[in-house]
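Quick notes on the structure that follows.
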Amino acid sequence: MTPNSMTENGLPAWDKPKPCPDGEPEWKLVGMSEACLHRKSHPERRGPLKHEQSPLIQASWTSSIFHLDHDDVSDQSAPSAQAFQTEEKKCKGYIPSYLDKDELCVVCGDKATGYHYRCITCEGCKGFFRRTIQKNLHPSYSCKYEGKCVIDKVTRNQCQECRFKKCIYVGMATDLVLDDSKRLAKRKLIEENREKRRREELQRSMGHKPEPTDQEWELIKTVTEAHVATNAQGSHWKQKRKFLPEDIGQAPIVNAPEGGKVDLEAFSHFTKIITPAITRVVDFAKKLPMFCELPCEDQIILLKGCCMEIMSLRAAVRYDPESETLTLNGEMAVTRRQLKNGGLGVVSDAIFDLGMSLSSFNLDDTEVALLQAVLLMSSDRPGLACVERIEKYQDSFLLAFEHYINYRRNS
């Protein structure tokens, strides 16, 4: 190939697009408004759009296949308007939002795909420039025609030296080409920033969760006061608890009616505290206006159904990981074996396991109170008359519980 023409100064006869402004050290997506203004002020960079099957368009066809809906492939026997639209979209290829669809590569005049190494180029020239710098190939390039080749999309692969010189001439920056280590570091930084944005977005979404309304705050206040007034020893249970002697309840010694064995001494201690514990649960329920509005028959059914559950919850939230004990009724600290041999059997394992799980949540009095109210208002108890009403009450406590958790997390 021979050079087609020369300029007056003896430079190659390619069009000379102006390089990017000196004040812009690197093209970035965040500054595209200024970049677009600069680009539009240089009409000599524009040219007619020519549809050719470039590697970019070929890649876009492959990408489009993976985005077809079921309707797109349901009938392949006859063409449709949607099929023509899909085919037309394939031919256009990917165009960044900041780039005009008819923007041309400043090196070869092919269809540009974006800003690469500080210039508007196609994928081919971007890859050529990157490989040349990364592998230090330019010293080995040589031109057969004294460095005067015209570089366009047809001839660009025929002379590497002239193509590289034009890349430099139009302003492509060698310092922006990263080696393997820098490229891996950049990729790692991108992943870290993406993860950071994901966490921030998650925190923002959590921050928008609703908190209690004024009406719910009134309900929360009533339930919390009812719990505090009927919870033995309150928040001072650790200071006031007494440990059951170690020699009590270590081994079952008497056969129980169900076929198991019970330590009578431990059983005697437990029966002494069970009656006041039940009384406190009843008092808690009576302090809730919603409960008092229910028929007496429903009140009895609800209390029979939830009494053991609420007492177990109150014991579970007083689990001490250090001593591995539960404090019953706010006064008696017992081990798992003592509770099991004292008559509770396998139920003791469930209560201890619940206590171990709840200990990591650090529940406050309000959360425990609302959980008790939810257990109390269980509409699935057999024999209830006001099922829908009780279910509505439970939903109110559940919603208040959720909103209070949001409030506590954000405060």
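Even glycines carry a Cβ here, placed using N, Cα and C.
Take the Zn(2+) 2 site that Swiss-Prot assigns to Cys143, Cys159, Cys162: the candidate from Cys125, Cys149 listed for it is Cys149.
When the ranges 105-125, 168-188, 273-293 are checked against Swiss-Prot, the one recorded as zinc finger is 105-125. Swiss-Prot assigns the feature region 'Disordered' to one of the listed ranges (1-24, 217-240), namely 1-24.
Counted with DSSP, the DNA-binding region (105-179) comes out as 29 helix, 7 strand, 39 coil.
A mean pLDDT of 93 is what the model gives for the zinc finger (105-125). Same-chain residues that are not part of Cys143, Cys149, Cys159, Cys162 yet have a Cβ within 8 Å of the Cβ center of the Zn(2+) 2 site turn out to be Lys144, Tyr145, Gly147, Lys148, Ile151, Gln158, Gln160, Glu161, Arg163, Lys165. Arg280 (3,3',5-triiodo-L-thyronine binding site) carries a helical DSSP state (H, G or I). The least crowded of the binding-site residues Cys143, Cys149, Cys159, Cys162, judged by other CB atoms within 10 A of its own CB, is Cys143.
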